[in-house]
Structure formats: structure tokens, C-alpha cells
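Copied from Swiss-Prot, the annotated features are:
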BINDING   490, 496  Mg(2+) binding site
DOMAIN    557-619  domain 'KH'
DOMAIN    629-699  domain 'S1 motif'
């Protein structure tokens, strides 16, 4: 009989979360089944016993997978089986990875695999907000070294009140949606979108989230005690030579500090200078000695380089490229650079450059979303590409990676609330990073704003973005908040805090922290300093283009929308789509129709106004209600001995009796010169109340001859 160990977390709103271990996946180093309502996630962790020789980083791999069976659904596609990870699953992986990675010991290099699987879902509670807790709990019941526990929660603001882990329905009403990860003591990661909130409101949301996370962390500590996994495995993944470490520091620190303080703005020249110092030190050793000590020298020199850069900033306020801590790199922008797309822009900030294009599409271009729990259509798309040449790397470009999906998602969230809800076009923004030295996702936001305005998209307000950094040594009061960080400042610093927004508030944020003990005072200073930087960048954007263009590019599609009564939808489509397809062939316009809120919504698009006007005329003809006494221009469809049948509205034929053709008596219709295909004006004089047949007259429109 299996006796699983269960820990229950009581939430403030009456809901509960249970963490169960010892029942499933017992051969993993740690496994926990998390349950909230009918949502169940299994998290497992496995770690190699030893590190791969030569590994000097943390080889952590996080996988998140949603089973379609969890929600009682079949996967799509020919194989009817789960395939490669969706963007949503990749983004959830990244949320968990970014929270866990900083908390493994610096000298722990064994491969660690975290797998989180959604086995049951009810469509009410959101599983991505629970994945971090499940993963941390699995680590907590394992013997893998980890300086946790952590947890993640989603906090949303609905009608002015903060809600922890809202339901799908609640989130639709929120004006703030952020994910926060933290240990019991410190916030580690933040990511989310919002409707132009203030810095103080964002900080308040983070504090509310942290209080909820503390409850989760305490429960995991108690679960660890219950399982008896308080002692972690021993490991030795790094061998050190303290004499060599001291020799590297003594020989290289002053030279490295001089490079760090030189203010060279060219990152390749600067790195070459740093590398030359290391190579000079290595030159004193033989090839045999370097085989033994070369990797250690590289690691120790990296520490020297890091210390020199950090001390230069803290002690002198000098950054690697010579800027002050609050200074933004030089910016230049250009719009309309590419003639082919419907809008384009170049945004260059220092050595980071984005070339962004905008394409306007119709309803047929909507992205269909068919994930396990998310269904619908996306009308605003943003794609981010980061080719190797942007950093001068000589390597092949593979498919879209997790990083590109994550950076694109952040820029998408920064801009999407600025697109009017009733905007008729489907919009695709593509950012190609051509140069990169930090903050490329923020360059995408700025270039995206410029390109959207160049395309004539009526965005509500321009958006700018900035990446902030932090230098803070443990045990020191002194710290430095850096505006518009370089790639090296991101790598060697303690924080990467990206903030985007308009002149009136923040629209999106993403923060990763690598140090303990980061106070809310420091976060507040970083947010306020970010606001100053955002306003400066926004000014540069508005100098280039101050508002959206009033006219679309000549080759952009034109779109008109109209609504019709629900009962006419079938008439517009026709049997097997015959009518709507015929109208498209006749006019050259693209016509789509759907039922929304009990009415038919029609979208007509084309490359010229005439095709759209012709399509509108035909549709109006179909949905028009024939009125007795109205005059119509009709087409003679057939000739009979007793008269002619005339199509006076699309799909509506009436009888023009021979006696109604002319005032004089006719023996045949042809006597009046009427033949099939002729267009003639007729008046609707009657509708048979029983059969609904239409009676037409031509003679009432002709002058009546005087009686002799």
C-alpha cells in the first residue's frame, strides 16, 4: 500500500493547493503532483551525478507540456498526437527556468532536467501560474542542491483590486497581468503586461504577489521536513588552484580596470583588449601547462574582468563605454526605409539596431490559436529574429529559438494594448535585429512603434522601452542602477529589468535578478530612473514621426466593414458559398462574413476602391428588402410569351407582365425591343401576400400618351 505524503496550502480566497509526493514517478530524484481544483500538474526533476568535464555553466533544461487529454480533447493534425512545443508552452518553460536558474550553487554544473506535465485541467485555473511552484516542490523533495524554495504566482488587478492566480474569466477583465517569482526573502523574476500603470502601482502588485509566495515557500519547507530531504547530495564539480587564482588577479586586475575605465564604445575592440591581457598572462606557460591550467586561467580571468568592471562603476561611476549610470546611448531613427512593406523603421541605439517591418492583412490572415486551453484568433502578431551576424558570430542560423519567442512575446505585450480594439486590419510586425549589444527587445518595441506609425496604424500612443541594470556587491551599501545596459553589463551585472510604456504609464515589464537582498527601495529607484530614460527615448521617436500617417501606403489593402441582419447571412453566402464566391470573382474583392453578437459582420478588402464599392453594392442588393413603389435597375433574365422575368435585386426576380411593358398593347415582348441581358428600369408595384412573388412595371415609368 502506497502512503503518499501530502501538504495542503490554504489560500486566502478559500481555494486550496495540494502537493503530493511518493505516489507517482518515484524513480525520479524528486516528483510532486500539484492539484488546484481539477487542475493537476506533475513535476519531476532528475540530475546527473557528475558534471560533464569542462562544463563551467549550469546545464539546466526545463520542459513544460500540456496533454490534450487533460481537457478531454483530441490533438489536431494527421497523427492526432502532441507535437512540438507551442509558444505558450515555451513561454511557460522560460518563466520557470528564469526563476530556478539563479538559485543553483555557482559551482554546481551537473545536468538537471525539470519536466512539468499538465495531466488534468478544468479551464478555470491557469496552469502556467502553478508550474513554478510544482517545479520548486519537486526540487525541495529531492537531494539536488538548490537554494530555494521558490514559487510563482500571477497577480491581476480587476476593478482596482489585486487577485492572486485569477481564473481565465477573471483575467479577461484585468488591467494588469504580471507573473512574479520569489524566494521567501527576495523577488527573483517579474514579467507581465498592463494598461499604462504607474511605477508605484507595479511595485504594489509585486509586494502583494510576494506575500502570497511566502505562504507557498513555507509549505515547501514543511514538505521537505516531512519527506526527510533536508540534507542535499555532496558534489565536487570545480577544482581550484588558489595560488593560480591569486597570480591571475595580481597580474591582470589593474590592467583590466584600466580597460574598464577607458570608455571605449566599440565592444569588439574593448573585448580584444581584455582578451589580450589574458593571453599575455598565458604566454608565460608552456603548452603542456596550459592543457592543465588553461581552463582555470580563463575562469579566474573572467572573475577579474567582472570585478574590474563592477568596481569601476561603483567607485568612479564609469561604465565600459564611458557613459554615466543614467546616460542613454546615442539614438538615430528612420521610417519608410523599405518600399515593399506597408510600414518600416530603423531604430539604432548605440551598437543595437532593429530593422522592423509592418504588414497589414485581412481577416483571412488571423493567426488561429488552438492550444489545450486557449482557443481563438490573434489579430496582432509580432515576430523577433536574432541572426548570428548581429553579434558578429560566424555560424549558421537555425530555427526560431526559445529566446526569440520570449523576446518577441515581451515586445508584443508592450505594444498590443495600443492597437484600437475595432481596428479592421490584422497587423504583423517583424523585427530583425541587425546589430546587438544589449536591449534588443527594447529596440524592437521602439522600432515597432515607429513602423506602426509609418504604416498608418492608428495606435493610441507611442511606446518606448529601456533595459535597466544593477551593480550591487554583497555586504556593501553602495550600489549603482544602470540605464540602457550593454550586453556585458547584463552578463556581469546583477539585474536585467526591462520596462516599456507610453508617456502616461507602463505597458509591459520583464525583470530577472541574480542577487539576494534586493530591496523595494532599489526597485523603486530603478523604475523611476527607467521612466526618465523612457521619456528621453520617446522624445527621439516623436522627433522622427510624431503621429501615425493619415494615409495608408498605395499598395496596402483597403478594408470596409458592414453589418447585416443575422437572417441574411445565408443569402450572402449562398448554397455551397456560390453567391459570395461569385461576388469575389466579379469584383476582385475579398469578402468574409461571420456572426458576432447576433448580427452578421462582413469585411470587404481589396487593393482599389472600385472593387470594394462594387462588392458593397452587390451585398446591399442581397440584403435589401424589396419595397413596393421603389424603382430598381434590373437585368432581363428570360423572355416568356406573357412577359419577362427581371432580376431587380441580386437573387430576386420579378415578373414584368407584357401588359406592364408599355402603354400600348403588345403582341410579343420583342415588339418593345426588350431581349435577354438588357438592363431596364422597373418599378415594384406589388408583392403577392400568399406566394411572395414580385410584380414589376415598366410602363408606369414612361410618359402616358394622351387620349385622342
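The backbone N, Cα and C atoms fix where each Cβ goes, glycine too.
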Count of other CB atoms lying within 10 Å of the CB belonging to residue 490 (Mg(2+) binding site): 17
Collapsed DSSP category at residue 496 (Mg(2+) binding site): strand
DSSP helix/strand/coil residue counts for the domain 'KH' (557-619): 32 helix, 23 strand, 8 coil
Protein Cβ atoms within 10 Å of residue 496 (Mg(2+) binding site), excluding its own: 21
DSSP helix/strand/coil residue counts for the domain 'S1 motif' (629-699): 8 helix, 36 strand, 27 coil
